[in-house]
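Q: Let me begin by handing over the structure; questions about it come next.
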Amino acid sequence: MGKRSKSSRSGRTTTAGKVFSSKRATSYKNETEPSKPVPKSRGKHALLNAFEIAEAEERKKARKNGEEYSDDSEDHDIDDVYDDGIVRFNKDGTRKVYQPGDEEEEEDDSEIDSDEAFGSDDGDEEILDSFGVKSKAKAKFKAMEDEYDSVDEEEFVDLSEAWDLDDRQQENLKKKSGEKAAQKEDAKKSSKTKATTSFNLQEEEDDESHGDDESEEGGSEQEQDADSEDVSDGEEIDSDNDDDSDDGDDDSDEEDSDGSVFSDIDTEFDEEKADKLRSLISNMYENDEDAEYEKRRRYENNNQEENEFGVTVSKKNNDGKLSLSDLTSGVDKKAAASLSLLGKPDGKSKNKPQHVAVPLSKRLQDKVERKAALDLTREELTKFDDLIAQDEDAEHLVFPRLPVYDSDEEAKQLPNTGISALAPESAMEKKIAGILKTSALADESQAQKFEELATKNMSMEELAARRNELRRMRELMFREEQKARRIKKIKSKTYRKIHKRERERLRDAMMSDEESDQEDHDIKRAQERMSLKHKNQGKWAKRMVSQGLTKDAETRGEMEEMLRRGESLRKKMSARDDNDGDEQIDSNLGDDQFLSQNRDALVDPDEPAEGANLGKGLLGMKFMREAEARQKTENQQRIQELDRAKANWELGQSDDEDEGRVDTANEILNQGRRKYAPGTKRSIADVLAVKIDSERKADLQSDDDEDDNDDRDNDNVTTVVKSDKKKEGGAQDDDSDSDDDASNPWFTETNIHKSNKVKPVMEAEASARDRLAHKVAKHQSRVVESAKSKKARKQDNILIDTSDTLDLVTQDREADTDKGISFKQDMIKRAFAGDDIVEEEFMAEKRQRIADEGDQEIDMTLPGWGGWGGEGMKAPKKRFVKKIQGVAVEKRQDRDLKNVIISEKSDKKSDKYQVKSVPYPFESVEQYEAYLKMPMGQQWTTETTHQKLIKPRVIVKPGAIINPLDAPQK
Amino acid sequence: MSEAPKKKPAWKTARNKELRKDLKRVESHTQEAKEAAKKTEMLLLEEQGFLEAENEMEATHKVTQEEIKASVDISTKKKAYDLKLPDFGPYDINFTRTGRKLLIGGRKGHVAAFDWREGRLQFELNLNETVRAVQWLHNDQYFAVAQKRNVFIYDHQGSEVHRLKQQIEMTNLDFLPYHYLLVSSGLTSMLFYQDVSIGKQVAAFKTRLGPTTSQCQNPYNAIMNLGHSNGTVTMWSPNVDEPLVKMLAHRGPVNDVSVDRSGRYLATAGSDSSVKVWDIRNTYKEVLRLPRTKVAPQTVNWSDSNLLSVGHGNTITVWKDVQSAPRPKQPYMQHNMHPDWKVSSAQFVPFEDILGVGHSEGFSSLIIPGAGEANFDALEVNPYQTRHQRREEEVRTLLQKLQPEMITMDPEDIGRIAMDKDRRRKTAREQMEEITEPNKKRAQESDDDMPELQPHLADEETAVSKELQKKKKKGVVDERQMRLEQLQERERRMRENKKRRLEEGYVEEYVSPAISRFQQRQ
């Protein structure tokens, strides 16, 4: 893991370098950009062995072939240059040729980073691939191509000169060694800084290197002739300089790096890979070109010292020491491509101490990795965010999930096909479908195609017109929609009403039979109009009038007929406009209403007449007035009769015990004879009821006395009753009481005498009762009083108070009731004589309760403490008093309730079914109660509601496979 | 809990997004449920058919039973009959909740149960002792009888199952079906709650109001309403040992009480020959009173359709529309039985237009059109229950049995937040604690329980330090340790002071704080 990440890191740096290099390559065409296999890289034993073997073989060949290779190689190389390639030079003067055909391999060869090589401890190609070496190579090639295109002619000149380099090299070296050294020092310094700086400093570097180049160009040709490997990093120039120098620093660097390489490799040596290498090396010189190249190299290096391994060591560079570049120079390019372990020549690491960065500690490394992994995972997981949010919101989740359609169309199509709206199923459908198909009507696509074709055939203007038309239609539709929306918002009722009427009219018009009706009507109207028989403005009519022919009976009849017709027509017109509600009302008239209507008919004309007759001459005359008065009295009588009839009705209908009795009594009076048959059930019941009523009256009276506390000394019971009436407390029992009062003969004994004086006139009484019957809902006393006042105003001597009458009646009755019953009543009365005692007791209890449950004071003073005793001494002040807070009177639930004690004791046992505070997550009582309000019970909700409310959140279909969540495709 | 009509919905007040979402969902569900429930009313096709006067000359109360019988169908006609049992009366009657079975108990010891429609006798018993009340339990398989001394429970065959020996001389029995509680009260001023499913006495209270003359349950909240001989009506739950509400209803003994199905109206019949209807939701005020009867009313009963029957003497009067103030002028129906038949108990038959009347000479059933609930809910009480369904229901109701603690005046209180609990009255114990607690506090405040200060010793040798060290070893910081630390601090200060003074040349003996106040100040 560690290794791989290391390698990947190095891979990254190289990529960055590449980008940089490609840029550079384009911007500085003329400069030579030598770069080398990176000495920074650490080798392996395996590699070393391999190269030893390779060198040995090479040496043998060299002995055989001698010097003849040099010429051939020269020719060949020149051809290469002119044909299709670009020549590049290794640091020690060897050159390489790029051919478009096999660039990739060559690139691989040259560009494998040493870092990578070390990262991948087994030099397998696969791993190299995984490091992206190939892709890098491609990128490099591109960069190179750029450079390749932009190669100058000058460069070729330079390069051709370069062939003489080998001869001149030594001289040049010697000559310029002095100034070179100085230059190199500068370059080195700059390179060092560069190596440490990041690639952000690219521009700076460019400038610097450019400057260096210029200086070098000016200084010597050698710069240009040196390795022109286009792989360029920030440190190319340095490596450039290194080529020419015999700098000790460099050597030491090399050694350092080499040493580290070997030490590292020791442990990881692999036999298998060594075998691979061997086979590779044996294939090394299969290619003639390569062989020649090798020969040439050998020749070039002839002047250099040989060591025991047969590896030529470039003396000038390394001070006679073996470097990795020396080794790699002998490796076949193709083989090297596969042997990417060696890495590409990397200028970056040439000059300065290229230590491999100390790997991070395992822990930190892991941390970094974890972080990276986390980021990646996180990014991956964000894809699910929407889906998860959806699921969280969903009330129910059903697994397995319903299929998700990629597109809307798919989703739409599916249900359609399911409904078989498209697929014909029955035989007839199929038949029809077949016919349609054959007649090419079924295919919608054809129609569509046709439309498309139509548009295609259109000219530009037509198309524009068509488009405009469509746009207009759309605009209109939109406006209509807007209008509808606006109208929808109107809240005015009148507007609605009007429009409703309009709509109804429209609808009526739409309906066929209505229409025909309307038509009929119109036709008739038209006919009538045509006949003109209804007009008296016609020529004929006018003539008749002007000629005085109207006196003729026949003509007049015709005229009249005409007018009548016109009138009826006009009526018809108006009738059509009006609604026919009046008729309905008439038809709905019941008996009761009939009576009252008749009555109104009698009454109503009277009243305006009184005011109206003042100014009129005839009506003001005496005889007319008398007649009218007569009429009035007659009417009055009739009104009374009607009222009585009505009252009888209502009373007959309402047969309460009280009223029923009253009724019978009245009947008796009306008939002028009294029937008191004690044997009859009814009368006994009545009498009993009356007795009880009187009893109750007495009770109530005492009630009221208690309430008021001021009317106790009232002898006159009527006054009490009146005070009752005045009170009008609104309490229902008062109502009923007073209701009874009015009809209670036992109650007002004083009244009995009073009413005795008043001779009853039954007609008037009937009318009074009528009023009473009308105002059942109203308070009795008010009714009576108003009746009284009205009577006083209108008919002073004939109307009497109802209650008075009733009193009279009962008084009459009382005379006849047997003693036994009255005795019983007495008994009852006596039995409940002390009722107020009961109430008093209750009130006392309530007071006691209030005191007990209210604030308490406890005297904690110890007797005999805190003061002196004895004669003449004051009792000590109460200093130790405890106050216990109870329920204040004004906070009691029963504070306003008479005769009710409500316990203030808390129900502790039910505490466990209550919560003390608003439970989480609710914020207020309202929220909590709203939550609880949802009815879940089966018994008070519908089955569907119940099922819905108890539906589990997650529903898993049994036996179905539930696939893991798919990331939404975006 | 009437809410303002335009109230901000609860979910809008939520700040937490998740909560908001939840509440919104719940609220919509609630709304849906309501609407759905409302829609189902469409399925209630049956209507109560009240007797209606054809014209205004007619009065419904004048229609006699004979006339009704003559005009109704045969099956209904068969339901109205008189059962003459002159030997053992007067009879107390009770119908099962389904309305199928009738239980009658004659005062002189005759108990019988039968399917009253078919006239099929289930069993008949002669107990040879006074029978004061009979009551079916959860179904027609068990019933309780208040006998001369004890209350007994019998099974469907009439064999004795239990004797509730603590319940002595009971005159009223009632059964709370959802709580499985048999409630009894009687001559002894005791009120018993007996759980018949587990045979446990849940509560026994002394009413302290003398003999309980009448009793009924409030079907809405399972509160028991008791009428007493002093004219008061009290309301009880098994959880509080005093009446939740006590109201003075009549001036004489309360002969009968009855609460309508909605639990809003209480009807009371007093010996002062008055019948009153009360609103018992909050106001406890009299809604109206019926006209006094010549004989004190013995029974009042609400039907499912809110008809009120009053039995007095040999008469049964049925009133309609007596739940709001202007009372109708005449009763809905009236029936006079034979003059010798004195009404002792009456009950409307559930789901039937029949009023059962137990009287001194047996049992009568009267046809009262419109009295029964027309649309029954078979999930609740099924009048056409089969045996299998009865068994199922028994199990279901037992599983869903409510605990007696859940009986409150307002059933909605269960699950509610008890915010106003602090306004309750304190018990004697709480009050005592309140008295003694300040002393406790003071005891804690003084340092009597602390080791003595020893400033003359070295810091680590004092008792305070030693105890503190022990405390610290334990590693639990408590109130005592804090106080010890304070003491130690004080000790150190004293020591320092002393040292300084010594240095200054002031010689002083240590005086305890008690004596130090007598020291002269310099």
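Each position is counted from 1, following the chain as shown.
From the backbone N, Cα and C atoms, a Cβ is placed for every residue, glycine too.
Grabbed the feature section from TrEMBL, which reads as follows:
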REGION    B:1-38  region 'Disordered'
COMPBIAS  B:15-38  compositional bias 'Basic and acidic residues'
DOMAIN    B:331-411  domain 'BING4 C-terminal'
REGION    B:422-500  region 'Disordered'
COMPBIAS  B:422-445  compositional bias 'Basic and acidic residues'
COMPBIAS  B:457-468  compositional bias 'Basic and acidic residues'
COMPBIAS  B:475-494  compositional bias 'Basic and acidic residues'
Q: Quickly jot the same-chain residues contacting the compositional bias 'Basic and acidic residues' (B:457-468) by Cβ under 8 Å, restricted to those at least six beyond its ends, or write none.
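A: Same-chain residues near the compositional bias 'Basic and acidic residues' (B:457-468) but 6 or more away: 450-451, 481, 484-485, 487-488, 491-492, 495.
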Q: So what's near the compositional bias 'Basic and acidic residues' (B:475-494) in sequence-distant terms, Cβ-Cβ under 8 Å and 6+ beyond its ends?
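A: Residues 447, 450-451, 453-455, 459, 462, 464-465, 467-468.
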Q: Please compute the mean pLDDT of the model over the domain 'BING4 C-terminal' (B:331-411).
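A: Average per-residue pLDDT within the domain 'BING4 C-terminal' (B:331-411): 93.
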Q: On the DSSP side of things, how many residues of the domain 'BING4 C-terminal' (B:331-411) fall into helix, strand and coil, could you say?
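A: Taking each residue of the domain 'BING4 C-terminal' (B:331-411) in turn, the totals are 17 helix, 22 strand, 42 coil.
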Q: Is it possible to list how many residues within the region 'Disordered' (B:1-38) are helical, extended or coil according to DSSP?
A: 26 helix, 0 strand, 12 coil
Q: Mind checking how the compositional bias 'Basic and acidic residues' (B:457-468) divides into helix, strand and coil residues in DSSP?
A: 9 helix, 0 strand, 3 coil
Q: How does the compositional bias 'Basic and acidic residues' (B:475-494) divide up by DSSP, counting helix, then strand, then coil residues?
A: 16 helix, 0 strand, 4 coil
